[in-house]
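For reference, the structure discussed in these notes is given below.
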Amino acid sequence: MPGNSFGKLFRITTFGESHGPAVGVVIDGVPAGLPLTVEDIKFELEFRRPGRLYVSGRREKDEPEILSGIFNNRTTGSPIAVIVRNTDVISSFYDEIKYKPRPGHADLPFIMKYGYENWDYRGGGRASARETVSRVIAGAVAKKLLMLTDTWIAGHLRSLGPEELSEEVTFEEVLCSKYSPVRASKKDLEEKYEALIKKATQEGDSYGGIAEVIAKNPPIGLGEPVFDKMKAELAKAIMSIPAVMGFEYGLGFIASKMKGSEANDEIIRKNNRIGWKYNYAGGILGGLTNGEDLIVRCAFKPTSSIRKPQKTIDLRNLEESYISVIGRHDPAVAIRGVTVVESMVALTIVDHAMRAGAIPLVKLTEDQANTIQQRWERYVKSCKPMEESQS
């Protein structure tokens, strides 16, 4: 099974299955001298952890164990290996799935490709969103390293089912959405999302949603003009996330309905520099970052594992049958998916920042390490519940 790695200079390889002993990641290319602790990783993991309100009831603590690459809370320059053990596994929930592939899930394609006898049906195996724990671990390292360029990354849920954000949102509000149980950036929207989730849970159904992620102050000129355009790299990164169905940046698909005179973003003097009036391009022009905020959105489909009965094929007799999926599944995978999108954006930007020379390849100076730590502490403090930010 190839295709388990991402990145060129900052390269990650994820491993593990949903109901295996552990999931984990090997991160290659992190320069020596980066201040990094288990707490730094746990800070990001907490926002995708199951067992909380409105998400999967699977009670995982998601405690990261660092196996290599860090000594005295500093990276050594060697590969960083981190695992998270799977401690709340109930494989009996998947006994029926062994014979009845779930509609909307990867079950049947995996059987077709790898063979029924080789298919790990427990929790979806490698196709499970549990794999994204590894991405968030790596994303935490990438986010901290990006503090060297003062690039901050945060996301929120722009829509959930039929409900959507209808007003402008500040980056500070997006940061605060981390502590919203439904990743809403506005209090009234949070209440609407919560009502939808309760409804879906009662009906044994699920909802999809749109995640929006903003990267503030990315280095200028990241990406390449042809095949390695920043938009192409981000699209690949984000579309690799389970349940993601679509990707856009800036104006996105709305631009197809506009005139050139409307969609062209006027170039102006902006904060004593040359900039763009509205950032319609979402921070990317010609495949290169242009100094404006990088803004991307992606669509998550509704969680495919639902209690509502749906038609499938019983593989024991190849007759049509029905399946009602029991177990502990998210009523909206998009909620926890926001953190995963943030991580993939961070991994893409940090890899290109290293390619462009904006981040050292071998080691950080003491001044650089101190700057990173100070900015990281400020970032962590800035991520706080809406109520605290308004007080």
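Cβ atoms here come from the backbone N, Cα and C positions, even for glycine.
As annotated by Swiss-Prot, NADP(+) binding site applies to Arg48. Counting only same-chain residues at least 6 apart in sequence, those with a Cβ under 8 Å from the Cβ of Arg48 (NADP(+) binding site) are Asp62, Thr132, Val133, Val136, Arg336, Thr339, Val340.
Residues or ranges marked as FMN binding site in Swiss-Prot (evidence: sequence analysis): Arg126, Ala127, Ser128, Gly286, Lys301, Pro302, Thr303, Ser304, Ser305, Arg328. Other Cβ atoms within 10 Å of the Cβ of Thr303 (FMN binding site), summed over all protein chains shown, number 24.
Minimal Cβ crowding within 10 Å, among the binding-site residues Ser128, Ser305, is found at Ser128.
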